[in-house]
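Okay, here's the structure, questions in a sec.
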Amino acid sequence: MPRRQDIQKILLLGSGPIVIGQACEFDYSGTQACKALREEGYEVVLVNSNPATIMTDPETADRTYIEPLTPELVEKVIARERPDALLPTMGGQTALNIAVALAKNGVLDQYNVELIGAKLPAIEKAEDRKLFNEAMDKIGVKVCPSGTASSLDESKAIARRIGTYPLIIRPAFTMGGTGGGIAYNQEEFEEMAQVGIDASPVSQILIDQSLLGWKEYELEVMRDLADNVVIICSIENIDPMGIHTGDSITVAPAQTLTDKEYQRLRDMAIKIIREIGVETGGSNIQFAVNPVNGDVVVIEMNPRVSRSSALSSKATGFPIAKMAAKLAVGYTLDEIRNDITKKTPASFEPTIDYVVTKVPRFAFEKFPGSEPVLTTQMKSVGEAMAIGRTFNESFQKALRSLETGRAGWGCDKAEKLPSGEQIRAQLRTPNPDRIFAVRHALQLGMSPEEIYELTAIDPWFLDKMQQLLEVEKFLKRTPLKQLTREQMYAVKRDGYSDRQIAFATKTTEDEVRAYRKELGVTPVYKTVDTCAAEFEAFTPYYYSTYEEETEVIPASKPKVMILGGGPNRIGQGIEFDYCCCHAAYALKGAGYETIMVNSNPETVSTDYDTSDRLYFEPLTKEDVLNIIEAENPVGIIVQFGGQTPLKLALPLQDYLRQVGNGSLVIGNGNEETAITDDQLPITKIWGTSPDSIDSAEDRERFEKILQKLNISQPPNGIARSYEDALIVAKRIGYPVVVRPSYVLGGRAMEIVYSDTELERYMTFAVQVEPEHPILIDKFLENAIEVDVDAIADHTGRVVIGGIMEHIEQAGIHSGDSACSLPSISLPPAVLNQIRTWTVQLAQELSVVGLMNIQFAVIGASSYSPQVYILEANPRASRTVPFVSKATGVPLAKLASLIMSGKTLEELNFTQEVIPSHIAVKEAVLPFNKFPGTDTILGPEMRSTGEVMGIDSDFGRAFAKAELGAGERLPLTGTVFVSMSDRDKSAAVPVVREFIDLGFKVMATFGTRRVLLENGLNVELVLKLHEGRPHVIDAIKNQKIQLIINTPSGEEAQTDARLIRRTGLAYKIPIITTIAGAKATVAAIRSMQNTTLDVKTIQEYCPNF
């Protein structure tokens, strides 16, 4: 059937901010869907609150609303735009839940909007656990013994019926297993059941008999209107059931299924998608298989594009989201061409002749108090994927792609083996490092059978790991120079990196590389082509392996290589991927052939049509040098991917200089390209030189530059031991901020108020980076922090991209603080001082491209405000997408063109753009996933994502940002206030404003006394140890609608922490800073006076 002619305008919902369980795979799917629908001539309207997405760029959709994803505001977009159809399957669980809400409350009928991609009955049948089980029963597919409950009493009755613990609890209409878990006894069960009912938007949980130890598989399935069904990919979890699939190491295609078993799953999947009624698009279906008797049960189905669809798309080259969008508007699979082969139709199931491994990345170290144990609730913050010809190769490449300091599956550092008892405990309890515990167990001589008993990891995988250990033993007893060409090939085919070979043979990585090349052992690159080389592939999407024949095709244009950011982690996420994509778009447009190198399957940068060539490879020195030697680019861009490529800049430069041929120099595309002996272009690192980057990162060098320019910074010092630290702290006075040098995301950074706290920090933190000293700065209390993004060209011209004023005071990591652009309270003199220093510093560091500087301002409203510089980063920062959306200036695109030799004048960007509207960025924090952790903000970054609120008034913009971040601010009710002594007097005017807005106020004894002295009528509430009813009772009885609680030093921490955790559990907004409280007052006032309206980014920034 050709495309539908009866619809013209389609509304697409994004997934909002990046949260655990719902990350940038939905930017990838949404961007693909927008492109596909516009190609077909439809007008596309998009709603998404996340500014750090390619999807919200003004050119992706026709009309783009960066507005909170709530049913109320999406209804306003519908009323304004009058779309014919709503496509809800591209924005994860968020979009699906909003679509269901709008269908049920009659909005879609009122405005005559049709749901496409998945109809309401299909969504409900797949998502409502009771309906799903009934549907499976009807078609004879087994489900796990289970029941659905909406109350604690119903839950207990089901537990009695099932009869045995452990039991699995899964809330309906949630993603990433939010609110779920495994209960091993009745007490745990009752607690988890209540949490699960509260977490589900429909207050419903499914209670399953535990299938712990069963094998888990997923099939990615597509169906069209003509009832054609294709299986795109099978995925096998190495970890058994009981661990969320997002936290499990997974392999595609499934490795341990016999053909007969695979056909069984395939037949079931086809029956399921037909019965549920997903007519047009993709679904992800999860199965459990009993390894003892082969029993199969279906676990669940997602009637939408999911995290696994992004992985399947990257693993096979089949663009699921794009195809799903086309199916949603009436095409059938046989009518759509495969983009990669250009010959085969989409109804041909992909075939692959390689193995793909995905490994999750965790961030437990960011959440002290949370246990690093994996369950059915997803906790990973990112993932890396690798492709190899064999499982061993793909597995080792994936582990080194994670960037956690490992070069593969061990054999990369001296290890002290744990005891047998410790290893058994690590194997029994699923945790992020269990795969390395398997290695230790095999090294201690534990049999694969015993490891299987403890882990339920399939013996096939354990056998492969045993083989890897044999290779390692062989390497350790063979001197490097005695390895023959065949042996070197065999070792590399097992995925061993040069660094691992160097460790085993007691040599260096560079020696291994030189000897390997001498033997003529270099990687070749194979194509991901959807058809196992049956047809010619037209899209250069490559992975490395060690065989004879390469499939890299020569190019006629000069090539530029962009190094991506690798797996998402806290501190380095989608914002950097956004910059890499923009570099690819801009340089492609300028006539270069762009090469993207990245290992993250969730992102737009690893879409096969973002760059001209895609290398799905680990971002290590070895892998990147191999690609440089295969492609000979004229330029390499390292300043867009965060810390990952920056760390590679100096090693790449050093190696290429040593090798002779002088084949790497620093510079920009504006010089003449020299030709070396063998007529290949010289490869240059484009943009700011690695030396300048180092002089901004290296504290001592940076301080000299600031002294030369007469720029003030807070009193500070450097310590390499606890004794050093004490001397520095005494000299500059407490409180101080302590942190290791060279970190991103404020890793291991703290504010310290005393000698004892300093001692505790030094004992813990020096282990973080032993070769780098600890930096100690005077902590500027109550300072306003300011972030500046600027851009500079090779002529020395500097233009400010945007000046953002933080809403939380200095001391809270800039990635976790809300901020406003333009500034809302800083006087012109302060802003001008900031501008002057930014320009001077960019010129002194010879910045070419982007730069981010953080300042602190003390006494902004006094007669003599003081400005201090906190740090400077001559690279793209995580605020670039936000600034670009707020001002309408595509900074990353401009910066990449500047690196190619263009000037700001040529690009027509010569002065700062100050918007007439207000944009507020707010951070989104994952505390609900880490129940043991305090919700307090500090200098270590913990947010996973961000949202943007945009309006003509600060109060409304802040209200939208809070709403987008999932905080519904109350308009009436009671505010609970408990302040540290430092903040009590500053709280008086804020509390007065809350009373003026009609709120009642409750406070603890000390805070109340100060408020009463200032003539404010405040009710007393008891602290926990003062008797009942206390503040926690008031929260649980829903007598409090808003909590303002600023943390004090060490004392009373337990009380305050419990108050904050309880507030979080009861979904009460919690504010932990005075500045945040002031912004909240402005937001509530504006919402009491006016309703929130919606407007497109194209209207806010018409010149974008």
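Glycine is no exception: its Cβ is also placed from the backbone N, Cα and C atoms.
Pasting the relevant annotations from Swiss-Prot:
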| type | residues | note |
| --- | --- | --- |
| BINDING | R129, R170, G176, G177, Q209, L211, E216, G242, I243, H244, Q286, E300 | ATP 1 binding site |
| BINDING | E300, N302 | Mn(2+) 2 binding site |
| BINDING | E300, N302 | Mg(2+) 2 binding site |
| BINDING | R739, K778, L780, E785, G811, I812, H813, S814, Q854, E871 | ATP 2 binding site |
| DOMAIN | 133-329 | domain 'ATP-grasp 1' |
| DOMAIN | 703-900 | domain 'ATP-grasp 2' |
| DOMAIN | 967-1104 | domain 'MGS-like' |
| REGION | 1-403 | region 'Carboxyphosphate synthetic domain' |
| REGION | 404-552 | region 'Oligomerization domain' |
| REGION | 553-966 | region 'Carbamoyl phosphate synthetic domain' |
| REGION | 967-1104 | region 'Allosteric domain' |
If you measure from the C-alpha of H813 (ATP 2 binding site), which of the binding-site residues R129, Q209, E216, I243, Q286, N302 fall inside 10 Å?
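Within 10 Å of H813 (ATP 2 binding site): none of them.
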What is the average pLDDT across the region 'Carbamoyl phosphate synthetic domain' (553-966)?
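Its mean pLDDT is 87.
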So among the binding-site residues E216, E300, who's got the most Cβ atoms within 10 Å?
E216
Using the residues the record lists for ATP 2 (R739, K778, L780, E785, G811, I812, H813, S814, Q854, E871), what whole-number Å value is the largest Cα to Cα distance?
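Spelled out: the longest distance between any two Cα atoms in R739, K778, L780, E785, G811, I812, H813, S814, Q854, E871 is 18 Å.
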N302 (Mn(2+) 2 binding site): which of the binding-site residues Q209, I243, G811 is the nearest Cα neighbour?
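Minimum Cα distance from N302 (Mn(2+) 2 binding site) across Q209, I243, G811 lands on I243.
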Hey, how far is E216 (ATP 1 binding site) from E300 (Mn(2+) 2 binding site), Cα to Cα, in Å?
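E216 (ATP 1 binding site) and E300 (Mn(2+) 2 binding site) have their Cα atoms 11 Å apart.
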Would you mind reading off the Cα separation of Q286 (ATP 1 binding site) from E300 (Mn(2+) 2 binding site), to the nearest angstrom?
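E300 (Mn(2+) 2 binding site) has its Cα 5 Å from the Cα of Q286 (ATP 1 binding site).
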Counting distance between Cα atoms, which of the binding-site residues E300, R739, L780, G811, Q854 is nearest Q209 (ATP 1 binding site)?
E300
For G811 (ATP 2 binding site), identify the closest of the binding-site residues R129, I243, E300, judging by Cα separation.
I243
Give the distance between the Cα atoms of L780 (ATP 2 binding site) and I243 (ATP 1 binding site), rounded to the nearest whole Å.
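Their Cα atoms are separated by 44 Å.
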What does the DSSP secondary structure composition of the region 'Oligomerization domain' (404-552) look like, as residue counts for helix, strand and coil?
74 helix, 10 strand, 65 coil
Within the region 'Allosteric domain' (967-1104), count helix residues (DSSP H, G, I), strand residues (E, B) and coil residues, in that order.
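Computed counts for the region 'Allosteric domain' (967-1104) are 67 helix, 19 strand, 52 coil.
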Near R129 (ATP 1 binding site) in space, meaning Cα within 10 angstroms, which of the binding-site residues do we find among E300, R739, Q854?
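Close binding-site residues: E300.
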Write down the Cα-Cα distance for R739 (ATP 2 binding site) and I243 (ATP 1 binding site), rounded and given in Å.
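I243 (ATP 1 binding site) and R739 (ATP 2 binding site) have their Cα atoms 34 Å apart.
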Count the other Cβ atoms sitting within 10 Å of the Cβ of L780 (ATP 2 binding site), across every protein chain shown.
21
Per DSSP, to which secondary structure element type does G811 (ATP 2 binding site) belong, with helix, strand and coil as the options?
coil
According to DSSP, which kind of secondary structure is L780 (ATP 2 binding site) found in, if we only use helix, strand and coil?
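SS state of L780 (ATP 2 binding site) = coil.
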Highest CB neighbour count within 10 A among the binding-site residues Q209, Q286, N302, Q854?
N302
